[in-house]
Every structure is written in structure tokens, then in C-alpha cells.
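K.L.:
Please see the structure below; I have some questions.
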Amino acid sequence: MTLAATFRQQPLHLLPVIAMFAVTYHAIVMRMVGDWNFDPNYSHGFLVPCLALWFAWMRWPELREAEVRPSAWGLGLLAAGLCLLVLGSVLIELFTSRASLVVLMMGTVLFLYGRDAFRILLFPLAYLLFMIPLPYTVYDALALPLKGLVSFAATGGIKLLGLPVLREGNVIIFPNITLEVVDACSGLRSIMSLAALGTAFAFLFLPAGWRRWTLVLATVPIAVATNTLRVFVTGVLSWYIGKDAARGFFHDFEGLVVFAVAMALTAALGFVLARVGRASARPDARPDAGPDAGPDAGPDAGPGTGTGGTGGGAHVG
């Protein structure tokens, strides 16, 4: 029996499951939505469920014809999800509790509908992981080295312009101002948002395989490079304009422009990878018709398909 036939015969069979999810995860999801709303690092979380639903809808023609063969392997995923939920509740670990929602959804699909439906919905469900904020310990552990890298690269670029500048850790020191590269300018925020968007772009426009992985992995250096550019520009403007360049309108506008540049670079790389894929799929060039070619040799004869401090400090970020 196909999935579409199952829903025609038993249109309400999922209601008890949905009710259990709603009761169990209402408080967890609402707190996560609050994080999306109040923490700029995770504002992309609002977009992730919408994209996941869209991805699933795109697969509906294939999904509706999937054969329903309930799989006992789904019990393993359900058990793992319940363990994560209990562990997160006992340890008061939000990330674990939130991740259990995705694991339980995967287990439900596999247990009720089988491997075909699970395979089709695996990516849309896994994409939901992008909506879950990282644990603060993980975020801080990643942000610290990124701040040092961005500060080092931006200071090196500023020195190439001949400007007097020193660096101490993640602090960039000018004679007239000191800039501190804070967590918001580490590039981690851009990495998370750009990775979510880059993954969506890869799923929509690139064939499965190395091209998708190349684009997704490329979002990390793109985000770091563009964020370094932001700190570099902020430093140069701070030297010529003063501390106002590192706060207020200038600072916010730079952030928007830099993220737009990062998205444009990601899209450009995606289009290049798509063209590479089309070029590799083209047939070999048709050989020229030689003297032995018959009268039918013609166009069809070829192969077919084949920041804070002194002098008025500021925070960068």
C-alpha cells in the first residue's frame, strides 16, 4: 500500500502521534523560539522549519507513491530519541532535549511508514537540526579561536595599508582607538546562518554528491573571510573617522552588507558547481564525418547522449 492510500484509508491515524509530540515538546519548542527571537545568532531558526516543510513538499510526488512497510528499525531511533529527551531533562541540557525532537520524528517515520518514506524525508528532517542553538560551551569554544583568526587576518590587512596598528589577542590597537573583536564578530554567527542557507541552495540546485558537499563546506571559509573583511573595514574606518565607525549605523550596515556579500559568493559558487555538473554530463564532441562516411552522415551521425579601549574604545561585532 502506498503512503497516499494509507492516508486516504486512515486520514486521522497521525493525530495521536501529533498530540503526544505537542504535549511533550510544547515548552521545549517555545523556549527555542524565544532564543530565535532574542539571540541574533539564531534568528535564522525561524526560516529553517519553513524550508524543511518546503523540501518535504517538493518530494511529495515521490513520497505519495512510497510503499508503506513499517520497519522495526524505527524502534531503535525512537529509543535513542527518548534517551536524549530524558537525558536533556535530567541534566537540564537544552540542546539534547531539542535534538531529541528531530530523532523522534525520524524514528516515527521509519517505524510507521518504512525505509522508502524515511529515505525521502531524511534530508528535510535532518535539516531541522539547523534550527537548534548550540550549547554555550560549544559556542564559546568555537568562537574563541575564530576571534583570534579574524583579528590576526584583519590586522595583517590593515598593516599592508601602512596604518599604525598592533594586536593583542583579539584586541586591535590604534593610536586613537582600541577595537575588541567580540563573539558577534568571530564569524560563527555567519557560519551557522550561511551553512543553513548554503545547504538549502545545494539541495535545491545541485545534484547529490560531491558538489553539494563542496558548497556546504565552502560556507565556512566564505563566512570567515567576509567577516574578516568586515573587521578590516571597521578598523580602517575607525582610524579615519573615529569610534563611531565601530558602533551604531556604520556597524550594523557593515554587517548587513558583509552577509549579503557572503550569500552572493555562496550563490556564485553554487552556480559554478552546477555548470561543472552540466558540462561533465555532456556527450563527447561528435567526430567529423570522414571520407568514408555514407550519405546519411550528418548531424545525427554522432553519439547521442552520453570592541573598548583607549581614546574611546569600541566593540567590533
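Quick reminder: no glycine exception, Cβ is built from N, Cα and C everywhere.
TrEMBL does not curate its annotations; it predicts them automatically.
So TrEMBL lists the following for this protein:
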type	residues	note
TRANSMEM	12-30	transmembrane segment
TRANSMEM	42-60	transmembrane segment
TRANSMEM	72-92	transmembrane segment
TRANSMEM	98-114	transmembrane segment
TRANSMEM	121-139	transmembrane segment
TRANSMEM	188-206	transmembrane segment
TRANSMEM	213-241	transmembrane segment
TRANSMEM	253-274	transmembrane segment
REGION	282-317	region 'Disordered'
COMPBIAS	290-300	compositional bias 'Low complexity'
COMPBIAS	301-317	compositional bias 'Gly residues'
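Help me picture these features in the structure, burial and contacts included.
P.N.:
For the transmembrane segment (42-60), the list of distant contacts is 32-33, 35-36, 120-121, 123-125, 127-128, 130-133, 192-193, 196-197, 200, 203: same-chain residues at least six beyond its ends, Cβ to Cβ under 8 Å.
If one looks beyond the transmembrane segment (72-92) by at least 6 residues along the same chain, the residues whose Cβ comes under 8 Å of a Cβ in the stretch are 24, 98-101, 103-104, 106-112, 115, 118.
Sequence-distant contacts of the transmembrane segment (98-114) (same chain, six or more residues past either end, CB-CB distance under 8 Å): 3, 6, 17, 21, 25, 28-29, 32, 66-85, 88, 121-122, 125-126, 128-129, 132-133.
Within the chain carrying the transmembrane segment (121-139), a Cβ under 8 angstroms from the stretch's Cβ atoms is held by residues 32, 35-36, 39, 41-42, 44-45, 48-49, 51-53, 55-56, 59, 63, 93-95, 98-99, 101-102, 105-106, 109, 183, 188, 192, 195-196, 199-200, 203, all 6 or more beyond its ends.
Within the same chain, residues 40-44, 47-48, 51, 55, 123, 127, 130, 134, 139, 142-143, 146, 212-213, 215-216, 218-220, 222-224, 226-227, 258-259, 262-263, 266-267, 270-271, 273-274, 277 sit at least 6 positions outside the transmembrane segment (188-206) and bring their C-beta atoms closer than 8 Å to a C-beta of that stretch.
Proximity of distant same-chain residues to the transmembrane segment (253-274), defined by a Cβ-Cβ separation under 8 Å and at least 6 residues beyond the stretch ends, is recorded for 190, 193-194, 197-198, 201-202, 205-206, 211, 214-215, 218-219, 222-223, 226-227, 229-230, 233-234.
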K.L.:
May I ask for the residues of the chain that lie six or more residues beyond the transmembrane segment (12-30) and have a Cβ under 8 Å from a Cβ within it?
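P.N.:
Counting only partners 6 or more residues beyond its ends, the transmembrane segment (12-30) has Cβ contacts under 8 Å with 6, 85, 94, 97-98, 101, 104-105, 108, 112.
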